[in-house]
Amino acid sequence: MDPQPPPPAQGSPPHRGRGRGRGRGRGRGRGRGRGGAGAPRAPLPCPTCGRLFRFPYYLSRHRLSHSGLRPHACPLCPKAFRRPAHLSRHLRGHGPQPPLRCAACPRTFPEPAQLRRHLAQEHAGGEVELAIERVAKETAEPSWGPQDEGSEPPTTAAAGATEEEAVAAWPETWPAGEPSTLAAPTSAAEPRESESEEAEAGAAELRAELALAAGRQEEKQVLLQADWTLLCLRCREAFATKGELKAHPCLRPEGEQEGEGGPPPRPKRHQCSICLKAFARPWSLSRHRLVHSTDRPFVCPDCGLAFRLASYLRQHRRVHGPLSLLAPLPAAGKKDDKASGARNSAKGPEGGEGAECGGASEGGEGQNGGDAAPARPPAGEPRFWCPECGKGFRRRAHLRQHGVTHSGARPFQCVRCQREFKRLADLARHAQVHAGGPAPHPCPRCPRRFSRAYSLLRHQRCHRAELERAAALQALQAQAPTSPPPPPPPLKAEQEEEGLPLPLANIKEEPPSPGTPPQSPPAPPVFLSASCFDSQDHSAFEMEEEEVDSKAHLRGLGGLAS
């Protein structure tokens, strides 16, 4: 029997008085006990080795090393461990674990964390605790993986069967190692058949309760397969691209699918006079008319390309780099056509989604004499509002995409890692993790690569100063030929006539005559500081008479400055 730890010193708080421990209130009451304000916590020594610990939990965990107890045994080999974390880490060495089965649906998961997340997302509400209880009962059965539907768990022959017979009847579900006797079932008072029947009854009850709330829960619709195709789980049809999957009728919202008794489609009263294509909304016709017109009012200031919509121009300007995106969009040119002027005035920055056609805006009727179109908000204002949080959107598709955040459903699942996503775009972006290889968006100025184009644009802000310097240098180089050239230096004859001193580069030394002795190189110049002239003794600077006369002669000729 292990000796009990000594009682804490006087003035130190007991273990239950530590407050929240590692929570937010950890720094408030640290080191303050009931004995006095600011009293330090007394360390707790180990009675066996004398090691000091700050908290009783650390001391009790340390005392397991002296006791030799290993309560967490491995069910596959004779090894045992002191902590459950060590056991879970050891189980990974036996190979992949069999999947865990959900008690409410036939889905399986390789990790307990994924099963808990599935229960919280799919079977949310009051059914989560019941589902966890069913899972705990099923995982407590002999085998870790899901049993066949027709098979029943093994039972002991009699209540008084020996432990060896129970171990022999225990099925071996793992290829590596043999189950230890600690994990084998012993003779229990209640038969195992009653437990399995109770678990099945609870699972059936849970499925019945979840069926009532199936109307507000979205089922899994799309699955990313191993061959990178998108599989529709409703009709089992695979698609190669995301656009083909979105056009699939199974992914349409409720009420818009054919034959489901939803609201009737809006009549298409607005018809194009050129191709006879009809539209249900006037602004859809206005946007369609741009296909037939040659009017391209949005011109790129960098390369001169013209576009029909401002959104097309904004997407094109990414080619010219981040500096082009920082500049404002140029305004559309003024047109004499009345219809185009009405379109440009009502179009707004998005370029056509909220623009009305000229005929519908001038008159009070539609294109073919229908009823007047309802008054629409100004361009850029939200038209669709979320009933849950009141957030506004300009497009109905954005409102549908936002509704997933309130439902909590994740209808898009990756088949490789069982990870779930709210949007199809997130699933397609996640596929790059399994594809491997370099990211598709490299930075042109550094070796970094990014998986998203937006991340690359955000990263290029770091090179903004460098790009601005390069742009300024290019501007200076472009302006250099236009500046007047510097005046040429005056000629030698002009300088001699004006009496100006010639530069040293233009003075040529005459070669010495053959009979003259070689001259010594000129002495280096001597520089005197101002402190030399502050001395009272000027004898060192007295010059001889010949030297004074020569200097006076030069000064008279103008060659020496006075």
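The backbone N, Cα and C atoms fix where each Cβ goes, glycine too.
These numbers come from a predicted model, not from an experiment.
Per Swiss-Prot, the features are as follows:
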| type | residues | note |
| --- | --- | --- |
| COMPBIAS | 1-11 | compositional bias 'Pro residues' |
| COMPBIAS | 15-33 | compositional bias 'Basic residues' |
| COMPBIAS | 349-369 | compositional bias 'Gly residues' |
| COMPBIAS | 482-491 | compositional bias 'Pro residues' |
| COMPBIAS | 512-525 | compositional bias 'Pro residues' |
| MOD_RES | Arg92 | omega-N-methylarginine |
| MOD_RES | Ser194 | phosphoserine |
| MOD_RES | Ser196 | phosphoserine |
| MOD_RES | Ser483 | phosphoserine |
| REGION | 1-43 | region 'Disordered' |
| REGION | 139-203 | region 'Disordered' |
| REGION | 327-379 | region 'Disordered' |
| REGION | 477-562 | region 'Disordered' |
| ZN_FING | 44-66 | zinc finger |
| ZN_FING | 72-94 | zinc finger |
| ZN_FING | 100-123 | zinc finger |
| ZN_FING | 270-292 | zinc finger |
| ZN_FING | 298-320 | zinc finger |
| ZN_FING | 384-406 | zinc finger |
| ZN_FING | 412-434 | zinc finger |
| ZN_FING | 441-463 | zinc finger |
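For the zinc finger (270-292), the model gives a mean pLDDT of 85. Around the residue listed as 'omega-N-methylarginine', there are no C-beta neighbours below 8 angstroms that are at least 6 residues distant in the chain.
The list of residues near the zinc finger (412-434) in space but at least 6 beyond its ends in sequence, with Cβ under 8 angstroms from a Cβ of it, reads 109-110, 114, 117, 121, 220-226, 228, 230, 242, 245-246, 401, 404-405, 440, 451-452. According to DSSP, the secondary structure content of the zinc finger (100-123) in residues is 11 helix, 4 strand, 9 coil.
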